[in-house]
Amino acid sequence: MATQELHSNPHFYSAKAKRLHLCQGLVGDCWFLAALQALTLHQDILSRVIPLNQSFTEKYAGIFRFWFWHFGKWVPVVADDRLPVSEAGQLVFVSSTYKNLFWGALLEKAYAKLSGSYEDLQCEQVSEALVDFTGGLTMTINLAEAPGKLWDILTRATYSRTQIGLQTHSRKERALKNGLVPGHAYTLTGIRKSRGSSVWELLSPKEKILLLRKDDDGEFWMALQDFKAHFMLLVICKLSPGLLSQEVGQKWSYTMLEGRWEKGTTAGGPKKSPLDTFWKNPQFLLLVWRPQEGRKFQMPCSMLVSLLQKPRHRHRNKKPHLAIGFYLFRMSKSYDDQRRLPPKSFWKNAPLNWPETFLREKEVSRELWLEPGTYVIVPCTSESRQESDEIGRNSSVVFSKETVDQSEGQDEFFTKLFEKHPEINAVQLQKILNHMPWSGLRSEQPLFSLEACQGILALLDLNASGTVSIQEFRDPWKQLMLYQEVFHKQDTNRSGCLNWAQLRAAMRDTGIVLSDDVCRLMLIRYGGPDLQMDVVSFVRLMLRVENMEDFFQNLTQDGKGIYLQKPEWLTMTLYPEKAGRSSALAEDSAYGPRVAFG
């Protein structure tokens, strides 16, 4: 049925809609939906897959275009707007709680077309959709064997714009008492570390009941220990360099090579004995560059190696994936100039890594820390003489000498500061902000006053304790760097200040649109007597706006307005920096991730 028949006023996409508004249909593609929900957390990445300028009015032709990363290339897929419906005229697959929004259903149709059919979307892995949506490299962690640094892994992942999917233990897909569905895919939408709040303890039992909100919006908080107990797999998708925002002082290097296992020639199988045919497998040369001159020590390079196999049939479920894995060998100096290792070298040199298990998945990957040198990656199947096309990919972080020195200095400064002060106050925050480089600014003197740092600290302090931890600070620091870049971009005359028009443009660059009157009020409130705003004031303003946006989103029921209880109103007016955090104060044990239904 055409979308115009399903609704009198259909819309393709709306930025005002709540992000978790998509619902799964009859096909078992919760993995697809979980990946899609992860995609909606980053508007710029979403717009790469879904051109958001499409509509049912302007230049409407009955078709919509989508882009997917398909084995090394971004390919367009066109789908018409006729969608499968039940006898009652309801969508049978993905739908939206907003009955006139159809981007999710149309995207699912295009993805089914790419995969072969709707039936081919049944019971796959969330990692597959994450790769197809981003071209990124995935890393899967079995939470039953999760390392002790799991919280650090989650922190780095959420702060670096990665996409994160989850899967519960596989049993019959029926909701448990805690609401989780076995064998179901979910999206991790955020993490928070809370050590308890003194402000929360001051509230009366009645006020606690009023502030503790229970929203059935598809998202929920859970403690880290419960997270590890109830979820089986954690899938982290690191974006490809084309979509990844570069961190300060570092750049990602990305390489992709294609090969093929052919029966009788290159399908050598696994490494079992000196008489096997393992040496026949494809070999990929991997060079890890030597450190820059002047470095005091050789620093291992973080390397994510991924092996991707192509489907063996147009319909992905017609032929299951082969069980695949890869070995990594370090080449000796005598073979440095050779492009392919001879058979005997595989028995003289043990691999640096063995596949723990051969997995029947589209992609297998592993994170490695490698010293500078020359390596060979040997991908293989679990049995010899099995045919398939495969792609080897690796991504690593590289640094220029100038930025290495700068980032090392920052890391050393952070480490020393937080070793001495696990929690920093406004004075220490002032020291940090005035120590860090703020490129493009005309003044070389410290920019942040103690009063400004006290205001910033109040916005960053999740627990109303008067201090922030390194976990609370690292993410906002990246926001500060973003605000500085936006400020510098709009300060076209290099005056060190923004006027009304420049401020409006700068806020628009961050995705915030305010009316002209509100922009003028912000200049009066945060700017100088000449109605010009410097970078310090701009940072404070942007943090406040982000805070108030969180406040609204936490309390709104329909995305249009909010209803405040008296304690919430008093908190917002008496301590505006904590607006939107009142509900968070109730999360005394909220040491863990925030999860969304897939």
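Quick reminder: no glycine exception, Cβ is built from N, Cα and C everywhere.
TrEMBL has this to say about the protein:
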- CYS30: active site (ACT_SITE)
- HIS184: active site (ACT_SITE)
- 1-240: domain 'Calpain catalytic' (DOMAIN)
- 478-513: domain 'EF-hand' (DOMAIN)
Per DSSP, what is the helix/strand/coil residue tally across the domain 'EF-hand' (478-513)?
23 helix, 1 strand, 12 coil
Per-residue pLDDT averaged over the domain 'Calpain catalytic' (1-240) comes to what?
83
If I take the alpha carbons of HIS184 (active site) and CYS30 (active site), what is the distance between them in whole Å?
6
